[in-house]
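Here is the structure we will look at.
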Amino acid sequence: MDIAFLGSWLGSVPTAAIPLLLASVGLILSERAGVVSLGVEGYLAMGAMAAAAVTLESGSLVLGIAAGVAAGALLALGFGIAVVLLRAEQILAGLATMAIGLGAAGLLGRDYVHRTFEGVTNVDLGSLAQVPLLGQLLFAQDPLAYLAILLTLGGWWLIARSHFGLRLRAVGEDPATADVAGVNVQLHQLFAVTCCGALGGLGGAYLSAVASNVWVENMVAGRGWIALALVIFARWDPLRAILGAFLFGAVEALLPRLQASGFDAPVYLMGMLPYALTIVVLVAASCSRARRNAEPAALGQSYIRQDRR
Amino acid sequence: MIALPYTFALQRRLTLSGRRGVGTFVGGLAAGILLGLALLVWAGVPTESLLDDLFVQVFISPQGLAQTLTLTVPLILVGLSSAVAMRVKFWNIGIEGQLWLGAIGATAVSLYGVGPEALRLPLMLLASALFGAAWIALPLVLRLRLQVSELVVTLLLSNIAYLLLQHLLFGAWRDPANSFPMSMQIGGDERLALLGFGNLHSGLFIALAVTLLVAMLSERSRLGFHAAAIGANPQVARAAGIPVGLTLAIMVLLSGALSGLAGGLIITGSEYRLTQNIGWNMTFSGIVIAFVARFKPLWILPTAFALAGLYNAGSTLKVFYGLSDAVVVLLQGLILMSLLVAQFFAHYRIDMKKEPR
């Protein structure tokens, strides 16, 4: 393995990592407000389909990506109304949302399958990309990747440093207390859930409009679930989610590269690596005491003011 | 905030009346189905052919009924699998993975000629159940020993199981005579007997017998009683001296075995070979069936039958109106969501008061 190989491998990591990162940050927002959004796989699918369909129809990538974000947010808003206002059971409603998202993406996008389009291209910063090892990773990515990092930092600031974040976290830890203090629990949860959908939609749009320039059914391939595990690994902290997403992106990006360089390994067994790694990381993260302290105390419970003690 | 002239207060109903429970359930189901029908019409299915495509062709016409009953067999088993696990509040969302492993197990027994030929078929089914149970053992152990949530682990193991299936089908098990990745056909005496009604096979009786067994187990046995107690409240169950870990382990392994058996019945009953196309969407279907059947084993039979009709109609929709399998998933999602939301009206009432100013 030489420097050039490492450099180009590292350069391809963000493409695999960004969808996971966006979905994880969305999930962190939602779970910090006490709502488990198991439908994130569906948000990704809707985002990927809508971005491809609208780009193909309008010819505008910006519109396409905006449509991806909107599609994810809309699906999440429906989920939010079900679990936050109508107090549906979160896990089952999340699974139903996932099915609705995957199914609707397949149905609405049936005319756009396998149609390639001109996707987002990488920025050109001239010779900066020639810097050995890290040049491609840092200076030759697409604009959305940089935006995703900014969004993650923004999400961290929102949760950890803003007044709004304080209220959001209070809702996730102890909704009754937050309610007494005058925080509108339902509004904060709805906002967080919808943001989760918007970020998931953007992650999906990234999959179709940046990573592959085409939409096919099942292209999400369990990334939503990897993101769910990443959230536990990241202890509900967006900054640690960057680390986690890039770790996974590195594994995912390594596989095609190893094959291209003539490394003979069973394709399908190698394909298991990201999933197996997720389980290992989840186990390691679940065992640590820090995780138990970081988990929002009221995660997954619906709150009714009249039940307050 | 907007000042409303009224204040709303959500009140939890203290008692859940049976009639209200049934009413909201039926209402939710009806709303979900109507929503689904509207969606089909919107997607281009002519209104006048809905009754024919979704009902007559799949439940009344002999050909369609036979096909629907054939599809019912694995659906009964995955529904039971989901219900058994949910009874102890274990989220088994890796049913597809256990089903694939079961199919792999049954095929392995056939390919490697395990055991005497006379016992081959029962051995294949036994292997499928064991493989399915083995595939759920890891999330079970992680949950019991390390409190790792089974939600993500069971699901990701499905992805791994599918890659294993592909590894075998594109490698060692590939039938060289076939251009598609599939294993060799199993022998004639390794197949379940056909009942002379379309492709319907004796796996139907196996599914019915298993349903009765599970019903006895969960409604009449000590194990079922313990499981119900754990499902209601694990802390209280533990305090009452119920062996929580053991009961959970038995129920969860049973869940995996049932999913695995579903795979075994698909191989020995209808496909006769391992392919990439079996078992899709079974996880979610299992959950929907279990939920609609209210986790009652006997209710799973009609529910699985109804859902099999939907799957059967799905292939018609695919051929005639170009709707992909996704539409079946979407309809199931809408029905489940509608039922979940409808429960709101059973559990809560809204009090409205004029705001004193």
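Cβ atoms here come from the backbone N, Cα and C positions, even for glycine.
Taken verbatim from TrEMBL:
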TRANSMEM  A:6-29  transmembrane segment
TRANSMEM  A:36-56  transmembrane segment
TRANSMEM  A:62-86  transmembrane segment
TRANSMEM  A:91-109  transmembrane segment
TRANSMEM  A:143-160  transmembrane segment
TRANSMEM  A:190-209  transmembrane segment
TRANSMEM  A:265-285  transmembrane segment
Distant-in-sequence neighbours of the transmembrane segment (A:36-56), which means Cβ under 8 A and at least six residues beyond its ends: 19, 23, 26-27, 30, 63-72, 74-76, 79, 90-91, 93-102, 104-106, 108-109, 111-112, 115, 117, 193, 196-197, 200-205, 207-209, 214-215, 219-220, 222-225, 227-228, 299-300
Take the transmembrane segment (A:143-160) and find every residue of the same chain, 6 or more past its ends, with a Cβ under 8 Å from one of its Cβ atoms. 14-15, 18, 21-22, 25, 28-29, 32, 65, 120, 123, 168-169, 199, 202, 206, 209-210, 237-239, 241-242
For the transmembrane segment (A:91-109), what are the same-chain contacts with Cβ under 8 Å, counting residues 6+ beyond its ends? 36-46, 48-50, 52-53, 75-76, 78-79, 82-83, 215, 217, 220, 224, 300
Residues of the parent chain within Cβ reach of the transmembrane segment (A:190-209), under 8 Å, 6 or more residues beyond its termini: 18-23, 25-27, 29-30, 32-33, 35, 37, 40, 43-52, 55, 61, 64-65, 67-77, 79-81, 83-85, 117, 119-120, 144, 148, 151, 155, 168, 215, 219-220, 223-224, 227
Could you give the residue numbers and ranges of same-chain residues that sit at least 6 residues beyond the transmembrane segment (A:265-285) on either side and whose C-beta is under 8 angstroms from one of its C-beta atoms? 222, 225-226, 229-230, 232-233, 235, 244, 247-248, 251-252, 255, 258-259, 291
